[in-house]
């Protein structure tokens, strides 16, 4: 069994449903300290939601003049769902038919193990490496993400820590290992719209104001609006309604209020304040009496096809013979926080088809190649 597969299994065996770390970061820290890293654990969050974060760094021979490459990821996993639906225990790593099963196998404990072993191999073969290597690991990525990477980035910025490159181990591959790198993510802006009406007996509509009827034209306009056209990196901004609620449950009462939950996934062609203003104008022009609670989940970020993406492309090509694709599709990630303090941020990892699913798994034969890709990226950028 390879060192990478063995460490992956050890990490999967740790029960680490958000915000628990389950001992994963301790395993990682000990491995890194053994090869010369300075490691620091930072616990944050309220007593009922304690988050564990790990920062580790090994300075290169060039000191502060050298480049800094950071591996970033998360040790927390989503809940298992019904245990009886799993073919094997989700926290007992199990190899079956060429697949490694377990919660977090794809998202993202295989990547974490690959980071560590790639770094061990790199440091052994390049003891005088010029650039520095860093790790930023959290146990609060799958949850609220209020006490994880975001506070660690603020901490690093406060201490003046420069970052040049960051590889996040999210599972980005689609059909085969290496076919996709995420070099950016769309922003996320959510809102809860409350439209005021007047409750009344449904037989006397003249005595009430039905907020569903009043809102229908405006909602239709929101759905049909082209918010932007996107660009070479991003699809056009999308507006989606996720929940609609009105009424008392009785079929003879005009509701007094309509509540609509919605979300924008927006490109760099739009700014949050522009989207808010345009949406509110449509509602005001419709004569609605309303209020909205807004939540900005993250701003979009993009890393062009520069040094980091280029090095990762070459590493993938050398290991898999695949010409990879750069993409910004998918949901938000902790890259939205890291991009504020790091020049180049990309995400790359194993196949994502089973992430968060029952019987989550990775292809066993992908584990060592993934590690090799990370190591070859280090060799190109900081050796």
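Each Cβ is built from the backbone N, Cα and C atoms, and glycine gets one as well.
Feature annotation from Swiss-Prot assigns Zn(2+) 1 binding site to 74, 107, 170. Sequence-distant contacts (6 or more apart, same chain, Cβ under 8 Å) of residue 107 (Zn(2+) 1 binding site) comprise 77, 78, 170, 171, 352, 355, 356, 360.
Positions annotated as active site by Swiss-Prot, on the basis of sequence analysis: 76. Taking Cβ-Cβ distances under 8 Å and a sequence separation of 6 or more, the neighbours of residue 76 (active site) in its chain are 16, 17, 18, 19, 20, 21, 138, 139, 140, 141, 142, 143.
The Cβ of residue 356 (Zn(2+) 2 binding site) has 15 other Cβ atoms within 10 Å, all protein chains considered. Among the features that Swiss-Prot reports, Zn(2+) 2 binding site is placed at 107, 142, 356.
In the three-state DSSP assignment, the secondary structure recorded for residue 141 (active site, proton acceptor) is coil. Swiss-Prot lists 141 with the feature active site, proton acceptor.
Residues 74, 107, 170 make up the record's Zn(2+) 1 site, and a Cβ search at 8 Å around their centroid adds 73, 108, 111, 141, 142, 168, 169, 171, 333, 349, 355 from the same chain. Residues near residue 74 (Zn(2+) 1 binding site) in space but far in sequence (CB under 8 A, at least 6 apart, same chain), listed by position: 108, 137, 138, 139, 140, 141, 142, 148, 149, 334. Look at the recorded positions 141, 142, 170 and count other Cβ atoms within 10 Å of each Cβ; 142 has the fewest. Other than the site residues 107, 142, 356, same-chain residues with C-beta atoms no more than 8 angstroms from the centre of those residues' C-beta atoms, the Zn(2+) 2 site, are 77, 78, 104, 108, 355.
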